[in-house]
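Participant: I'd like to ask you about the structure that follows.
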Amino acid sequence: MSDALLNAGRQTLMLELQEASRLPERLGDDFVRAANIIIHCEGKVIVSGIGKSGHIGKKIAATLASTGTPAFFVHPAEALHGDLGMIESRDVMLFISYSGGAKELDLIIPRLEDKSVALLAMTGKPHSPLGRAAKAVLDISVEREACPMHLAPTSSTVNTLMMGDALAMAVMQARGFNEEDFARSHPAGALGARLLNNVHHLMRQGDAIPQVMLATSVMDAMLELSRTGLGLVAVCDEQHVVKGVFTDGDLRRWLVGGGALTTPVSEAMTPNGITLQAQSRAIDAKELLMKRKITAAPVVDENGKLTGAINLQDFYQAGII
């Protein structure tokens, strides 16, 4: 029984891969035309399709939207019952139908022509009514479905998804869409956390900032170290400009060397220690701490004045790993 299941699964994958392997050679003028129509679209891309094509269409619309192309999915039945009103002349419709003869097209195509909406087709029948009406046809045809009965859309839905990805990625690259653009549309994701957060978004502020003045004694600096638990204290002048840092390591070295606790901390600190700019990207700041093998640092403004403090745990808690 297990061998039969494994063989069926492997056969399905092999058939789907075989059909998908034919897609690259089909990309030509129509693919370029479709991509350019989307690139120059001043409105939105509306993706539509019925059944399994509709399910894949939702994914294609989501991929376009998350990679810099305003897009959404409209079900053909809903389009014919009012949602066509959302479609304007500056929009583009990408209709997915393997047969290219969905009955809804008989009503949708004339309405699109009335509105001068550019129609793109993704179909297995390029010479179907859908293919003939479209400005560009993306051929997703297969010689056979992976379904043993040749009925359930399998190879054809894989081809549809792959063609949609190919189109979305080509448009994305042509737009110059980059990681930061992607992060802006995914602010709650890991990439958004990595690229959108600056140090000032994550740093500790107010009473949570460990700080002392240059004339503060080593004893009082030690108490400040203990109070905040960050492993360092920022040592500032009277204008709150950071002049150095006093760390747990500095304290140990001072005591081992016989230093007095009444001595000003300015004599025991590390002068000109690492500081982070409040406006710098959090991911860059975290990588700097890792590179220098330190766990925390004061945060300063453009004038070097203390505005906060941050440690590696603050980055990790924000999802910046």
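Each position is counted from 1, following the chain as shown.
The backbone N, Cα and C atoms fix where each Cβ goes, glycine too.
According to Swiss-Prot, the feature ATP binding site maps to GLY49, ILE50, GLY51, LYS52, SER53, GLY54, an assignment based on sequence analysis. According to Swiss-Prot, the substrate binding site annotation covers 68-69, HIS75, HIS81, 107-116, 141-143, GLU267, on the basis of similarity to another entry. Residues annotated as Zn(2+) binding site in Swiss-Prot, with similarity to another entry given as evidence: HIS75. Positions annotated as domain 'SIS' by Swiss-Prot: 34-177. The domain 'CBS 1' annotation in Swiss-Prot covers 203-261 and is backed by sequence analysis. Taken from Swiss-Prot, the feature domain 'CBS 2' covers 269-321. The site 'Catalytically relevant' annotation in Swiss-Prot covers LYS52, GLU104, GLU145, HIS186.
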Participant: Using a 10 Å cut-off, grab the number of neighbouring Cβ atoms around the Cβ of ILE109 (substrate binding site), all chains included.
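Facilitator: Step by step: centre on the Cβ of ILE109 (substrate binding site), count other Cβ atoms within 10 Å, giving 19.
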Participant: Write out, in the order they occur in the sequence, the residues of the chain not among GLY49, ILE50, GLY51, LYS52, SER53, GLY54 that have a C-beta within 8 Å of the mean position of the C-beta atoms of the recorded ATP site.
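Facilitator: These residues sit around the ATP site: HIS55, ILE56, GLY57, ILE96, SER97.
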Participant: What's the most sparsely packed of the binding-site residues GLY54, GLY68, counting other C-beta atoms within 10 A?
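Facilitator: Candidates: the binding-site residues GLY54, GLY68. Fewest Cβ atoms within 10 Å: GLY54.
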Participant: Counting all other Cβ atoms within 10 Å across every protein chain shown, which of the binding-site residues ILE50, LEU112 scores highest?
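Facilitator: Answer returned by the neighbour count: LEU112.
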Participant: Compute the C-alpha separation of LEU112 (substrate binding site) from GLU104 (site 'Catalytically relevant'), stating it in Å without decimals.
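Facilitator: Distance (Cα to Cα, whole Å): 12 Å.
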Participant: Measuring Cα to Cα, how many angstrom lie between LYS52 (ATP binding site) and LYS115 (substrate binding site)?
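Facilitator: Computed Cα spacing between LYS52 (ATP binding site) and LYS115 (substrate binding site) is 27 Å.
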Participant: Please classify the secondary structure at GLY68 (substrate binding site) using three-state DSSP.
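Facilitator: The residue in question, GLY68 (substrate binding site), is coil (DSSP, three-state).
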Participant: Out of LYS52, HIS75, HIS81, LYS115, which of the binding-site residues has the smallest number of neighbouring Cβ atoms within 10 Å?
Facilitator: HIS81
Participant: Please tell me which one of the recorded positions listed here (HIS81, GLU104, ILE109, VAL142) sits closest to GLY49 (ATP binding site), measuring Cα to Cα?
Facilitator: GLU104
Participant: How many Å lie between the Cα of SER53 (ATP binding site) and the Cα of GLU104 (site 'Catalytically relevant')?
Facilitator: 14
Participant: If you run through the domain 'SIS' (34-177) with DSSP, how many residues end up as helix, strand and coil?
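Facilitator: Split by secondary structure, the domain 'SIS' (34-177) comes out as 66 helix, 23 strand, 55 coil.
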Participant: Would you count the other CB atoms within 10 A of the CB of GLU145 (site 'Catalytically relevant'), including those on all shown protein chains?
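Facilitator: A count of 21.
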Participant: Give me the count of other Cβ atoms within 10 A of the Cβ belonging to VAL142 (substrate binding site).
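Facilitator: A count of 23.
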